[in-house]
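Peer 1: Below is a structure I'd like to ask you about.
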Amino acid sequence: MQPVGYSRLLQEPAVRALPPVRLAETRTVTRKEVIGQTLAIPASMAPAADDLLGHVLFALKHEGIDLAILAQVLPLIPEPVIRAAIDASPTSQYLRKVCYLWEHFTGQHIQRHSDSLRTTYVPLFDPAQYITAAGEKNSRWRVLFNGIGNLDYCITLRRTDELQALLDRNLLQQATEFSESLPRDILNRALAWAYLHETRDSYAIERESPSEDKASRFVNLLKQAHQPRPLDEDYLVELQNAVISNVYALAAAFRHEQNYLSNGLRGALGVTYVPPPPELGRELMVQLMQLANQPPGDLDPLLLASIVSFGFVFIHPFMDGNGRLSRFLFHQVLCQRGALKHGLLLPVSVVLRQNESDYLATLQGFSEPARRFWEVTFIDEGQFAFDFTGHPALYRYWDGTTCAEFMLRATEQALERHLKEETLFLNRYDAIYRRIDQQFDIPNSVLSRLVMFCLDQNGKLSQNRRKQYQYQVPEAVFDALETAWREVLDQP
């Protein structure tokens, strides 16, 4: 078995990149086929081991686009080699992609035989394999860049069956129709619940419990996200200052020092993720903010919100508060794209909190392999020396497929299992409250608590509750509450 395509290119000493989801190799097969997580090909299809251009062309044809690898491999191929290939086959779509990318990654020009090409444009990313954008045409090589972002910062979204199925459900349209179907009073109360729990659970993920004042400020930030305001450094600094409790961790700008994440273990072993170096981080933040502010018009807002949220936390532009801000940005991006109306909020942090292990696994899908490209030396307690042995392409080009799948599942659960269930709870609360209020003269606060107890205990009021309130309400109220609960739940 010999490595082919990207798996062969990864063997180049100068290439420091994450492996793609599926690797290719020669096997005893008669045609190309997928076996488990391997693309198996017959030996007759494989380029010579030392033919880098051949392996690049194989990868483009059979494995798709991996910019993180191509950004490092293409500069290793001499210009005359590529020039000879394109002069021999000037209309080859794969060679045109190679030339287009080679010129960008090297900053040089290929001295081709013909100055102009007369052929149709070819998309860099195959729309059948990837979520793509409308694109920008390169007339020199007749290549359409249709990736998400640009050639300096590009996120790949593979068109998996799961991701496509989630997109086909039109979750944002469902959320809009649901909110528009509710009476204003019920909608306002459901949203009040959503804003509060989005806040509490976002802090809880960080193992923090916000004060009432801090929670109130975060709720206000969530509500203000509906107001038109582009992302820029000043705005993000304002947000960071608003969500951080430690006055010594307040930022004045994006970080100028190296940060890291730790699992609590001593020494370098405890460092679990190292974000990009400060200068690269600042450059990538410019690219990320540009993507958020001027996204491809045909990109689904949920996909945009997902990659901006995860892209932000991978860059980690502040020394503290990045996790909370990344979850805030998911909501903010949806609002800025006009995808959430009537002050609507989908409490995804509630879902993330309830599925923390899955959330962590999604983050670690990038952070754990990226950690291998850092040499971390322990100096003293809390002090480390960091040496990045990788390539900037590691952070410039990443696969956001699992991140998008996870956030779309979370969105669906936030709508179906939380917002709709809270609305159902409020409707039942109102119905039971009205029935008892019509029969008995009970103080509002007392009746409200009793109805809540009844709903929380599936229509039963325990003997302890009855004793607790026996001198505050008539005894008949307890049975009336249980009867009302049964009648309300029996309604269609």
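Glycine is no exception: its Cβ is also placed from the backbone N, Cα and C atoms.
TrEMBL entries are annotated by machine, without manual review.
Annotated domain 'Fido' per TrEMBL: 231-381, in sequence order. As annotated by TrEMBL, active site applies to His316. Annotated ATP binding site per TrEMBL: Asp320, Gly321, Asn322, Gly323, Arg324, Leu325, Ser326, Arg327, in sequence order.
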Peer 1: What are the non-local neighbours of Asp320 (ATP binding site), defined as same-chain residues 6+ apart in sequence with CB under 8 A from its CB?
Peer 2: Gln240, Ile244, Asn246, Ala249, Ala251
Peer 1: Reported as an integer number of Å, what is the Cα distance between Asn322 (ATP binding site) and His316 (active site)?
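Peer 2: Between the alpha carbons of Asn322 (ATP binding site) and His316 (active site) there are 6 Å.
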Peer 1: Using Cβ atoms only, which residues of the same chain lie under 8 Å from Leu325 (ATP binding site) while being at least 6 residues apart in sequence?
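Peer 2: Listed in sequence order, they are Leu236, Leu239, Gln240, Val243, Phe312, Phe318.
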Peer 1: Averaged over the domain 'Fido' (231-381), what pLDDT does the prediction give?
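Peer 2: Mean model confidence (pLDDT) across the domain 'Fido' (231-381) is 95.
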Peer 1: Specify all same-chain residues, apart from the site residues Asp320, Gly321, Asn322, Gly323, Arg324, Leu325, Ser326, Arg327, whose Cβ lies within 8 angstroms of the center of the Cβ atoms of the ATP site, ordered by sequence.
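Peer 2: After dropping the recorded site residues, what remains is Glu206, Gln240, Val243, Phe312, Val313, Phe318, Phe328.
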Peer 1: I'd like the number of other C-beta atoms within 10 A of the C-beta of the residue listed as 'active site', please.
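Peer 2: The answer is 26 other Cβ atoms.
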Peer 1: Where Gly323 (ATP binding site) and His316 (active site) are concerned, what is their Cα separation in Å, rounded?
Peer 2: 8
Peer 1: Roughly how many angstrom lie between the C-alpha atoms of His316 (active site) and Arg327 (ATP binding site)?
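Peer 2: Given the Cα positions, His316 (active site) is 13 Å from Arg327 (ATP binding site).
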Peer 1: If you count CB neighbours within 10 Å, which one among the binding-site residues Gly321, Gly323 has the smallest count?
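Peer 2: Lowest Cβ count within 10 Å among the binding-site residues (Gly321, Gly323) is Gly323.
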Peer 1: Hey, what's the Cβ neighbour count for Arg327 (ATP binding site) at 10 Å?
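Peer 2: Other Cβ atoms found within 10 Å: 25.
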Peer 1: Near Arg324 (ATP binding site), which residues of its own chain have a C-beta under 8 A away, given they sit six or more steps off in sequence?
Peer 2: Ser202, Tyr203, Glu206, Phe218, Val243
Peer 1: Tell me the coarse DSSP state (helix, strand, coil) of Arg324 (ATP binding site).
Peer 2: helix
